[in-house]
Amino acid sequence: MKRKHIMIYAASLLVSVLAHAFFVKEWAEGRYMTGPGDGLAQMIVFKKLLFDQYTHGNFFYNYSFGLGGGTFSQLGYYFSASFLFLAVSAAVWLLQAVQLIGETDTLFWAESAVFISIFKLSLIIFTSASVFHYLLKHRAASFTGAVLYGVSIIYFRHEAYWEFFTDTMVWLPLLVLGAEKIIRERRPAWFIVACSLTLINNFYFAYINLIFIGIYVLFRWLIRLEPHEEKRWIQIRLFLVSGFISFGISAAAFVPVVYGFLNNLRPPYSQKIEWLNFDDNILFSSRIIIVPAAFLLFLFIISFYKNRVFRLFAGLSLLFILFHFSPYAASVFNGFSAPQNRFEYVLAFTIAGAAAAGLSQLSELKRKELLPAAAVVLLLYLYHIQRYKLDIWKPANESILLLLLMTIAALFAAAFAKKRAKMAVYGIIILSSLFVANSYQKYALSEGGDLDSVTKEYLTSEEYRGRESSELIRRLQKEDDDPLMRIDWMNGVRNNTPIIYGFNGFSAYSSILNKDLLAFYWNDLSIDMGRESVSRYASLGDRANLYSLLYGKYYMTEKTNEASVPYGFKKHLETEHYAVYENQYMLPFVKTADAIYSESELDRLPALAKEQAMLKGIILKDPSGKTEQTPKPSNLITKSDITAKQAQYQNGLLTVTGENGGELIITPKQPSSAPGDYYVSFYLKSKAKDKGFTLKVNDYVTTRKSNKSIYKTGVNNITVRVPKSGHISINLPKGTYELRNIALYEENYQTLKNAVMQNKTEKADKLNWNKNRLTFSYHLSKDQYIMLPIPYEKGWELKINGKTQKIEKADYAFIGFKAQKGDNHIELTYYPPYFKISAIISLVSLLLAVFYIRRKKPGSI
């Protein structure tokens with residue numbers, strides 16, 4: 001690396017450290033640069049999961065991810081293919097190898113967040129400074145613009161809450177460099193490299209980046225920067241061929257990850273989207289972008305528009321400022337879904353480019369131009385103060401006004417003194433950016449966004465990962481060394497609790513999940529999760545049949561919540577605050593069946609009928625042979641009294657009038673004396689436009705989203721299991737609800753007990769799960785189906801006695817397959833969907849890229 005590049009990177013690193021000054025101070029005091037929401041629930045959790053996997057040579061599948069899943073494809077939106085995460089992981093692994101660091105748990109990843117961010121931001125500043133210098137040939141202006149881009153508030157917002165969002169800020173400048181190399185020099189190498197990197201790292205932000213680069217190229221065709229640029233048809237050919245090669249190179253990562261995204265289940269966004277909304281104050285208080293004063297001043301200096309680079313980036317910035325105020329544009333950048341302002345880093349980049357171009361023209365700055373520009377900008381700030389009724393004496397607002405005045409003063413000095421004042425302008429802009437960044441960290445993120453609550457004390461408390469609960473789980477795992485057993489426990493609403501603690505559980509929280517599992521929860525078995533969400537599944541609704549079917553051996557709970565313990569679970573271990581219950585009706589991990597049920601025949605039957613069918617046999621979508629008659633549990637609602645308390649119920653409408661809520665009470669007239677549970681199901685929808693609510697059914701509590709929430713499932717059919725009692729109370733807060741299709745079923749668990757008796761003599765032999773491969777032997781006395789409590793997903797391959805066999809989706813969401821009489825040596829292997837063919841495409845495309853680049857410009861990129 002040339003000395004000048006070393007100097008630029010050293011300066012980038014120094015600025016990055018200064019930009020993190022507040023968070024470094026917080027780290028020293030035991031507070032971390034990680035959001036209290038998704039930061040603790042996903043970011044540090046997935047890094048722990050993937051680091052543990054990768055360092056053990058397991059790159060594709062994890063049985064502990066929810067009910068089991070392909071982590072390469074389902075976590076591709078996060079870190080699984082991130083070059084920056086892989087680089088950090090390699091460094092951490094080396095530090096572990098020389099014993100400089102210890103356990104890489106969630107606490108470690110929270111503690112290291114600020115240092116990873118410093119490294120990443122230094123790369124962002126370095127790459128963008130290099131690209132701006134290529135465009136401007138002015139190193140100081142380019143570096144100052146790069147600082148504006150790197151330390152923009154959207155970087156710190158995204159890095160703190162959703163760390164992987166900021167990876168794309170490294171690749172965006174490289175894409176621009178690649179486009180410029182094609183337009184100016186007919187050299188495709190940089191574009192192929194940058195496009196491949198962005199496609200591999202994150203398909204979502206690749207989508208945003210490629211939209212931007214398309215817009216950038218269109219602007220470049222309108223604004224020529226060099227007199228001898230390639231003809232457009234040549235550019236188009238180079239872009240198309242280079243883009244095609246880039247997609248090929250990225251295929252091994254891009255294809256499986258995009259398949260994972262397409263295999264997700266999200267209800268369509270049905271709310272009206274506005275074209276324009278100007279509510280956000282981008283000069284003072286926006287949580288996404290604060291427009292730098294220097295950029296605004298430069299916009300109104302007419303002579304700067306003679307510089308084509310300034311004209312280019314100013315035009316792009318004005319367009320993206322308009323996009324910022326357009327929810328419809330935010331929807332387009334979010335894949336035509338709910339509006340999300342995740343694309344604003346592009347605006348930060350174009351503003352930085354315009355500022356850098358303006359700074360390169362300081363020697364041309366005239367006083368007579370600066371005066372009206374300053375007047376217009378001051379009026380803009382005064383307008384925003386008036387419109388948003390701001391208190392200018394608040395520290396944050398006062399600081400922005402002070403920085404504005406300092407910037408104006410520095411520019412006037414530059415207009416008078418020219419060369420002598422230039423460095424003062426650069427210095428004030430950089431210092432202003434650092435000041436705004438650190439102020440934003442303190443007031444918006446730490447105090448306003450609760451990052452100050454993310455402490456070492458919290459991360460080692462019982463609210464997150466405490467000693468008492470950890471030791472209880474370790475005791476249980478030491479006592480029962482079955483590596484496949486599942487424990488149902490969630491610490492509060494943290495669905496990724498099993499990953500945090502290191503056990504196999506029943507819950508997961510991720511933006512991308514197996515759609516068959518989500519459908520299993522939402523629709524097929526109507527399993528209430530205690531919290532409505534499109535990106536989570538949790539527990540099994542305390543339903544004993546499902547625990548036995550899915551190898552749920554233990555149920556852990558706080559002692560204050562023991563009323564929810566499923567039927568057939570007996571207390572096994574306890575501490576002062578927690579108790580673990582053991583399932584007395586366990587079914588084997590490998591289950592066999594010859595009774596076949598049809599999904600379509602069970603479609604309109606209650607969840608209890610489906611559970612009983614799964615216990616008696618196997619449910620298939622398209623069974624080829626004879627099917628069994630479906631179970632038909634009796635609906636007891638016609639033999640029950642229904643009364644309302646602190647509410648009125650008429651024609652399927654429940655109006656709750658009580659200030660503390662009201663209830664609909666179901667009382668069976670002739671209750672059975674046999675032990676067991678009730679399953680109560682109903683359709684429930686709030687009539688309130690924008691208000692979530694809590695539903696209680698006896699002691700069971702669950703929450704439902706607002707009708708306007710983008711995270712609402714749109715599923716309003718609810719089934720709740722309650723222990724047998726004299727009555728069932730459906731309790732709701734004050735309001736009006738559509739409540740209909742009420743049904744009540746009794747479960748005495750005789751079907752479960754029969755299934756346990758029938759499966760006691762059958763047992764898989766030599767069962768071994770190693771990374772992405774499961775092997776076992778099974779002797780059958782006749783041809784039967786074998787079912788496994790492993791989620792069905794594309795990528796599984798099956799061999800029986802060395803021959804490839806077909807895997808079927810059984811019991812709505814799990815693996816099933818036919819096996820023959822006699823000995824069956826079974827091998828199941830998982831690779832990400834289309835991984836093998838995609839890997840071949842990547843290799844061929846890489847070779848093609850080398851040939852193509854050398855052919856275009858030998859020895860040059």
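Placed from the backbone N, Cα and C atoms, the Cβ positions cover glycine too.
Positions annotated as transmembrane segment by Swiss-Prot: 4-24 (among others).
For the transmembrane segment (75-95), the list of distant contacts is 42-43, 46-47, 49-51, 54-55, 65, 101, 104, 112, 116, 119-120, 123, 164, 167, 170, 197, 200-204, 253, 256-257, 260-261, 510-512: same-chain residues at least six beyond its ends, Cβ to Cβ under 8 Å. Taken from Swiss-Prot, the feature transmembrane segment applies to 75-95 (among others), supported by sequence analysis.
The feature transmembrane segment is assigned by Swiss-Prot to 106-126 (among others).
Summarising the annotation, Swiss-Prot assigns transmembrane segment to 159-179 (among others) and lists sequence analysis as the type of evidence. A Cβ distance under 8 Å defines the sequence-distant neighbours of the transmembrane segment (159-179), meaning residues of its chain 6+ beyond its ends; these are 33-35, 37-39, 43, 77-79, 82-85, 113, 116-117, 120-121, 123-124, 127-128, 130-132, 134, 149-150, 188-195, 197-198, 201-202, 205-206, 208-209, 212-213, 216-217, 220, 239, 242, 342, 345-346, 349, 445, 449, 451.
Summarising the annotation, Swiss-Prot assigns transmembrane segment to 199-219 (among others).
Summarising the annotation, Swiss-Prot assigns transmembrane segment to 238-258 (among others) and lists sequence analysis as the type of evidence.
What Swiss-Prot records for 282-302 (among others) is transmembrane segment.
Feature annotation from Swiss-Prot assigns transmembrane segment to 313-333 (among others); the stated evidence is sequence analysis.
Long-range Cβ contacts of the transmembrane segment (343-363) within its own chain (Cβ-Cβ under 8 Å, at least 6 residues beyond either end) map to 128, 132, 135-136, 138, 140-142, 144-146, 148-149, 152, 154-155, 158, 165-166, 168-169, 172-173, 176, 208-209, 212, 288-289, 291-292, 294-295, 298-299, 301, 303-304, 307, 309-310, 312-314, 316-317, 320-321, 323-324, 330, 333, 411, 414, 418-419, 422, 425-426, 429. According to Swiss-Prot, the feature transmembrane segment maps to 343-363 (among others).
Residues or ranges marked as transmembrane segment by Swiss-Prot: 370-385 (among others). Within the chain, the transmembrane segment (370-385) has long-range Cβ neighbours (under 8 A, six or more residues past its boundaries) at 281, 283-284, 293, 296-301, 392, 397, 401, 404, 408, 411-412, 415.
The annotation transmembrane segment is assigned in Swiss-Prot to 425-445 (among others).
Same-chain residues lying 6+ beyond the ends of the coiled coil (738-766) with a Cβ under 8 Å from its Cβ atoms: 544-545, 548, 567-568, 585-592, 606, 608, 612, 615-616, 631, 633-637, 640, 642, 649, 652-654, 664, 666, 668, 672, 674-687, 717, 721, 724, 728, 730, 775-779. Under the heading coiled coil, Swiss-Prot lists 738-766, citing sequence analysis as support.
Here the transmembrane segment (833-853) has Cβ contacts under 8 Å with residues 60, 70, 72-73, 187-189, 192, 241-242, 245-252, 254-256, 259-260, 263, 793-795, 861 of the same chain, all six or more residues outside its ends. The feature transmembrane segment is assigned by Swiss-Prot to 833-853 (among others), with sequence analysis given as support.
Contact check: the transmembrane segment (199-219) against the transmembrane segment (425-445) gives fewer than three Cβ pairs closer than 8 Å, residues 6 or more apart, which falls short of the contact criterion. Under 8 Å from some Cβ of the transmembrane segment (425-445) lie the Cβ atoms of residues 15, 18-19, 21-23, 140-141, 143-144, 147-148, 151-153, 156-157, 160, 287, 290, 292-294, 355, 359, 362, 395-396, 399-400, 403, 406-407, 410-411, 413-414, 451, all in the same chain and six or more residues away from its ends.
Looking at which of 106-126, 238-258, 282-302, 313-333 has the most CB pairs under 8 Å to the transmembrane segment (4-24), the answer is the stretch 106-126.
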